[in-house]
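For reference, the structure discussed in these notes is given below.
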């Protein structure tokens with residue numbers, strides 16, 4: 001049989017050193033976790049986000065930045081809007097829901113109500129008026145949502161003034177005005193005294209003479225053909241012309 005081996009025994013000093021090392025490592029881990037929690041609490045956490053279009057067709061996207069639990073320092077509602085003309089606007093609304101007695105711990109209800117009021121605004125990033133929460137029975141200082149900075153739209157180039165278009169009635173009056181019509185010259189009528197006087201009636205033409213008949217020759221030819229025969233045609237024609245002169 002082999003002789004029994006002696007058991008190794010730990011000294012009390014070694015045990016104390018091991019115990020102290022374990023305690024130091026545990027304390028270091030606790031300190032690091034506490035530091036990380038403080039850092040998280042100091043930074044706002046990103047809440048819900050979404051999009052909406054205002055009554056004046058401003059396309060906006062919003063994002064809610066709320067503080068970490070245990071730090072009642074208010075919250076911020078960040079907006080980014082684009083106007084119908086293409087201009088980009090950025091703004092933020094800040095408020096303190098904890099100062100409204102009606103909300104209490106229901107901060108989400110507070111922000112939901114204010115977001116609904118913001119959607120009804122024609123120009124969310126250009127309206128300087130604060131957003132009052134309707135759910136607060138009594139208005140307290142800091143319960144409204146304020147915008148610290150209000151951006152402005154880019155200046156548009158000035159357009160030259162346009163001449164007003166004339167109405168059809170005025171144009172017709174200008175065309176038909178007496179000044180634009182040509183003047184009519186009065187007619188001159190010879191009076192009995194030998195002078196001329198102005199008149200509107202035309203001068204009547206003198207009647208033809210009673211004895212002048214332009215168709216006398218034609219009438220003689222008709223009489224000759226009627227009363228003269230072929231045998232005595234030349235002699236009868238002479239007498240007819242002599243008689244009618």
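Yeah, the Cβs are placed from backbone N, Cα and C, and that goes for glycine too.
Residues annotated as compositional bias 'Low complexity' in Swiss-Prot: 170-180. The feature disulfide bond is assigned by Swiss-Prot to 60-81, 91-125, 228-236, with similarity to another entry given as support. As annotated by Swiss-Prot, region 'Disordered' applies to 33-52, 136-216. Feature annotation from Swiss-Prot assigns signal peptide to 1-28; the stated evidence is sequence analysis.
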Euclidean distance between Cα atoms of residue 81 (disulfide bond) and residue 91 (disulfide bond), Å: 8
Does DSSP give residue 236 (disulfide bond) helix, strand or coil? helix
Taking the Cα atoms as reference points, how far is residue 60 (disulfide bond) from residue 236 (disulfide bond) in Å? 122
Cβ atoms other than its own within 10 Å of the Cβ of residue 81 (disulfide bond), all chains, total 22
Reported as an integer number of Å, what is the Cα distance between residue 125 (disulfide bond) and residue 236 (disulfide bond)? 123
Sort out for me which one of 60, 91, 125, 236 has the most neighbouring CB atoms within 10 A, since those are the disulfide-bonded residues we care about. 125
Take the C-alpha atoms of residue 236 (disulfide bond) and residue 81 (disulfide bond) and report the distance between them in angstrom, rounded. 121
